[in-house]
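K.L.:
So TrEMBL has the following annotated:
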- 85-128: DNA-binding region (DNA_BIND)
- 370-381: compositional bias 'Polar residues' (COMPBIAS)
- 83-127: domain 'Homeobox' (DOMAIN)
- 130-331: domain 'TLC' (DOMAIN)
- 346-394: region 'Disordered' (REGION)
- 38-55: transmembrane segment (TRANSMEM)
- 180-198: transmembrane segment (TRANSMEM)
- 205-224: transmembrane segment (TRANSMEM)
- 260-282: transmembrane segment (TRANSMEM)
- 302-323: transmembrane segment (TRANSMEM)
Amino acid sequence: MAGILAWFWNERFWLPHNVTWADLKNTDEATFPQAEDLYLACPLAFCIFMIRLVFERFIARPCAMGLKIQTNGPQKAQPNAILEKVFTAITKHPDEKRLEGLSKQLDWDVRTIQRWFRQRRNQEKPSTLARFCESMWRFTFYLYIFTYGVRFLKKTPWLWNTKECWYNYPYQPLTVDIHYYYILELSFYLSLLFSQFTDIRRKDFLIMFLHHVATISLIVFSYVNNMARVGTLVMCLHDAADVLIEAAKMANYAKCQILCNLLFAMFAILFISSRLGVYPIWILNTTLFESWEIIGPYPSWWVFNLLLIMLQLLHSFWSYLIVKTACRAISKGKVGKWNPLHVSKDDRSDIESSSDEDDSPPPNQKHHTSATNGTNKSHGTNGYLIGAPYPDEH
């Protein structure tokens, strides 16, 4: 184990030439970042998760109730052992052949079975209330940490001149403000990383997981080798747009259409300009070129910049999705009315648009038309419920 630790903390990887860990030990005159400082983030991440539960229960939920956000979940499917076994053990999206087999086995109309699977899938989705509470928690944290970052950074010289991030590097003392900023951000992203497995499942689960891992790695890397100054710039820049998207989501769930559209437009402009403009011109320029000129490259410098570039690729991907979402919403709107976050228009939309996952059947699955419409009516179904497009296709 001692050999592994010695290999992992190799000075020639982490630090510039002619710098050792002994040079960065804390003294009476100066305090430097120490790797063991980050251990505090693990219990703090758990505390943040518990604070979130209390916040959602006693603050976010009453706010949602005050905005008359629906508390009821989706309509439950009629109990049926055979269909439940197919749903849990075989497929949640039965194809036409399986639907016909189940129809004969149960003596049910095919559309009724389709509706049962639709309702059963919706049962696993959270209510709009749960989504509002989650977004309100994230909005509150992002607003607080962004405000703190701005108030702290406006007093620092490296906000106005990024070359200050590298002067006298790595012998830059660690201030209380930087330490607090780093530990709180790291704890929050650790809580997000693990709560991602318990939160609302999204289509971009893997991308978000990769984002959280890259963010945590960047925070750890920049702290351990004392690139904390540029790290504070990266964190503050990223928190800005996150505030607006969570606010837009809350407006969406509260069905405040105009406010939702306005916030989403502000978010899109800020996200694209900051992640595709300010980030590469301001952040990548200083980490790649100014640092090369002042301190020169070394192994962990390459890894740090590789992570920053990977983050830039994610920015590009998400910017593409934002533009695509906005264009799609505008093109499907009528007379200038559009909804980038798919605000629900009826009860069915309220349920299905409350999740980012698409419930549409696989491409090879055709809508099966029954020959007996009378049976459909007797089961309370109609062509709209089964055959109509999903809410975001209106």
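Just so you know, glycine gets a Cβ as well, placed from its N, Cα and C.
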K.L.:
Mean pLDDT across the domain 'TLC' (130-331), rounded to an integer, is what?
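P.N.:
Average per-residue pLDDT within the domain 'TLC' (130-331): 92.
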K.L.:
Suppose I define contact as three or more CB-CB distances under 8 A, residues 6 or more apart in sequence; do the transmembrane segment (302-323) and the transmembrane segment (38-55) meet it?
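P.N.:
These two stretches do not touch.
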K.L.:
Same chain only, please: residues at least 6 beyond the ends of the transmembrane segment (38-55) with a C-beta under 8 Å from a C-beta of the stretch. Say none if there are none.
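P.N.:
Here the qualifying positions are 136-137, 140, 183-184, 186-188, 190-191, 194-195, 220, 223-224.
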K.L.:
Where DSSP helix means H, G or I and strand means E or B, what are the helix, strand and coil counts for the domain 'Homeobox' (83-127)?
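P.N.:
Summed by class, the stretch gives 32 helix, 0 strand, 13 coil.
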